[in-house]
Amino acid sequence: MKRIGLFLLTNLAILVVLGVVLFILQAVFGVRTLDEAGVGLDYTGLLIIAAVIGFGGSFISLAMSKFIAKRMTGARVIEKPRSEAEQWLVDTVRRFARQEGIGMPEVAIYDAPDMNAFATGARRNNSLVAVSTGLLQSMTRDEAEAVIGHEIAHISNGDMVTLTLIQGVVNTFVVFFSRIIGHFVDRVVFKTEQGHGPAYFITSIFAQIVLGILASVIVMWFSRQREYRADAGGAKLAGRDKMIAALERLKRSVDQEHLPDQLEAFGINGNRGGGMKEWFMSHPPLDDRIAALKEGRHLRG
């Protein structure tokens with residue numbers, strides 16, 4: 001319930017901010033979605049508004065990602081290690097961050113029985129790496145080291161920003177085309193001659209939901225490609241055998257509890273599925289990831 005409530009509040013805050021921005025664009029700069037006669041669409045104005053909504057939402061979410069991640073998982077940032085395991089975790093993150101030439105991320109632990117970890121943050125030098133208690137308790141040090149390397153690779157590769165940009169582009173076109181569909185239905189089916197009637201808003205919302213679901217296939221495809229690169233980065237930092245062993249340990253685990261959907265793309269242990277469900281998965285199947293490492297695909301020099 002806390003996770004759902006926090007998610008709704010975050011989205012409400014984003015909508016309020018975007019609403020103010022759009023009001024300024026329309027009232028001060030004269031940006032509009034209809035032509036001066038109020039009959040046809042002003043495609044330039046519509047595209048500007050769609051871009052503001054699409055990229056605005058993505059970048060606000062990115063800017064708040066560390067705060068949201070900590071609240072959603074209840075992660076505790078390690079200010080001063082309380083145990084040998086915490087000291088090892090901080091030292092390992094620091095060592096890999098130096099090797100990759102990035103700033104020292106915040107290191108956190110969150111209480112969860114599943115073996116998982118995630119990385120997030122708006123910039124490579126201002127990021128967060130969080131590890132579950134289940135991972136620290138269930139994995140060997142070699143396996144855990146590989147997982148940490150995987151998360152550091154996400155940061156080093158700039159995956160958070162990359163996926164934010166992709167999501168922004170996708171969002172822009174979803175909003176743009178959903179409004180065009182809404183306008184068409186309002187004019188052709190409901191015969192609204194000037195301005196926009198209720199059918200425009202209802203149809204636009206419905207079209208945005210449908211197009212958003214379809215567009216998520218594109219975002220998830222990119223996410224899966226970045227996951228292969230993060231595995232390769234983890235192999236480079238910790239060793240290929242350790243990375244393979246970590247993925248095989250995840251494969252053997254059962255009844256895994258997943259991270260919140262908003263964080264899953266940057267975890268180590270992604271969602272599972274088969275058939276068409278794989279189109280909407282943020283992570284490739286573990287068998288494919290293991291095979292890619294064994295074959296040396298995606299490995300960096």
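Heads up, the Cβ atoms here are built off N, Cα and C, so glycines get one too.
What Swiss-Prot says about this protein:
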TRANSMEM  4-24  transmembrane segment
TRANSMEM  44-64  transmembrane segment
BINDING   H150, H154, E227  Zn(2+) binding site
ACT_SITE  E151  active site
TRANSMEM  165-185  transmembrane segment
TRANSMEM  201-221  transmembrane segment
Tertiary contacts of the transmembrane segment (201-221) (same chain, 6+ residues out, Cβ under 8 Å):
163, 166-167, 170-171, 173-175, 177-179, 181-182, 185-186, 279-282
List the Cα distance (Å, whole number) between E227 (Zn(2+) binding site) and the residue listed as 'active site'.
10
When a 10 Å sphere is centred on the Cβ of E227 (Zn(2+) binding site), how many other Cβ atoms does it contain?
27
